[in-house]
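Per TrEMBL, the features are as follows:
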TRANSMEM  55-78  transmembrane segment
TRANSMEM  98-117  transmembrane segment
DOMAIN    115-402  domain 'FAE'
ACT_SITE  C259  active site
ACT_SITE  H338  active site
DOMAIN    427-507  domain 'Beta-ketoacyl-[acyl-carrier-protein] synthase III C-terminal'
ACT_SITE  H428  active site
ACT_SITE  H432  active site
ACT_SITE  H461  active site
ACT_SITE  N465  active site
Amino acid sequence: MAGEEDHLSTEIVNRGIESSGPNAGSMTFSVRVRRRLPDFLNSVKLKYVKLGYHYLINHAVYLATVPVLVLVFGAQVGSLSREELWRRIWDSAAGYDLATVVGFLALFVLTVSVYFMSRPRPIYLLDFACYKPSDDLKVTAEEFIGLARKSGKFDEESLQFQRRLLQTSGIGDETYVPKSIGSSANTATMKEGREEAATVIFGALDELFEKTNVRPKDVGVLVVNCSIFNPTPSLSAMVINHYKMRGNILSFNLGGMGCSAGVIAVDLARDMLQANPNNYAVVVSTEMVGYNWYPGKDNSMLIPNCYFRMGCSAVLLSNRRRDFRRAKYRLEHIVRTHKGADDRSFRTIYQEEDPEKFKGLKISRDLIEVAGDAIKTNITTLGPLVLPLSEQLLFFSTLLWRLLSGAGTSSSQPTKPYIPDYKLAFEHFCMHAASKTALDELQKNLKLSETHLEASRATLHRFGNTSSSTIWYELAYLEAKDRVRRGDRVWQLAFGSGFKCNSVAWKAVRRIRRPERNPWMDCIERYPHAVLNFQ
């Protein structure tokens, strides 16, 4: 804020030759201080000008037509007396016979009925649950390195590389890993994988069914996604067997689809609900840390060891209209982008064996660049669906100007493209917390504030990268902070191997009060300060 001195101006005044006193015969000057008008160009807060522009454009139709209609209607009505006005209304109504009126009403009712029946059924998110492992699985960065050293699978150089990676990862000292990673034996066994899967999946589903009071037999659609661990029978079959679900359930098991599979699973569940009315759908998203543990020495394959942590989410969706009253969110849009046709994108995150025949995920140095390209394509497709007209006009006019002026060509000065302001489309952002570097790039390119990325950074710090379930821990953070109000729009964006980037937009149908069961409830008061102190 400008100080008082910024509104003052000085002026030197020549007072002529002093006629008497000690300075007689000398030129004398005085400094006059005046209060000047403020610099309006700099003092006007441009954000209010921008808000005014958006309001004007988005309501231009109403601002242009409503006053005209009011003036015309007022002029017509004002020229008539009350008796003449009623007489004209009566004469107009008397000109139609009963059959015409009934026919018109029947046609109107039929048109409205066809319109509402042909619309796709709204998909509601009733509730969701995020699994919180027991405290005996919690590790600090030093304990993590201690477990890796205890296993005897890494040399000192590999241990130091993992230590340096953890120091800059944005991951705190309260994340969860299976204790089996400290074992000298092979942890990537079917037994270890099934035990970890049962722990996290049943833990999340037990909480979900308890919170929603929905019986497992009432679920008509089940979608389970886990990228690396895909046993036979499938994880979805394991869930059906454990909860004794009904025999005609539509079950799906998605594998190998990376960290963005949570959105893909929601998309599949939506399609199934559209085709099967009056149903519930459960979406389970998880990844197995112990089964993915890489015991080799390739630095690019050691990266997942440091970032991925235990976690699982379970989401209950419904297409029953009567569930509107108890739902939390309504599904608005899903946009999926796949860059797998490009070889470099396809191999950015690639599962293979190292020279010693140890399996692991190899992370390419091109990851940030490839991810940026996929995110750019995804949000460009999402923009017209969610951005207000005013922002779309700005984007289109900037693009048109670049084309007409030849900006960006080799003979001209490169100009930055206009980045739409997605803060006008969403109140809350749940960006996949893959790493601190990824979040920094997203914040810079989308021009988001620390508050907008608070949920993502807090999730990375507290729970690490839990793969496809990460975006649900972020939404749980927002609910634990009691920030979601009725009508608020939430953007969940996830990206992962393939290379894929997927977005889902939700709208809160009511105020979401702080839940009693939430993975953040024992530590929510420490955030966001815990992240700031860690950095």
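Glycine too: its Cβ is placed from the backbone N, Cα and C atoms.
Taking the C-alpha atom of H461 (active site) as reference, the shortest distance to any of the active-site residues C259, H338, H428, H432 belongs to H432. Taking the Cα atom of each, H338 (active site) and C259 (active site) are about 13 angstrom apart. Ranking the active-site residues H338, H428, H432, H461 by C-beta neighbours within 10 Å puts H432 at the top. Within 10 Å of the C-beta of C259 (active site) there are 28 other C-beta atoms, taking all protein chains into account. For the pair N465 (active site) and C259 (active site), the C-alpha distance works out to 9 angstrom. Using a 10 Å Cβ-Cβ cutoff, N465 (active site) registers 25 neighbours. Across the fold, the C-alpha of H428 (active site) and the C-alpha of C259 (active site) stand 20 Å from each other.
The two recorded residues, H432 (active site) and C259 (active site), have Cα atoms 8 Å apart. Across the domain 'FAE' (115-402), the prediction's mean pLDDT works out to 93.
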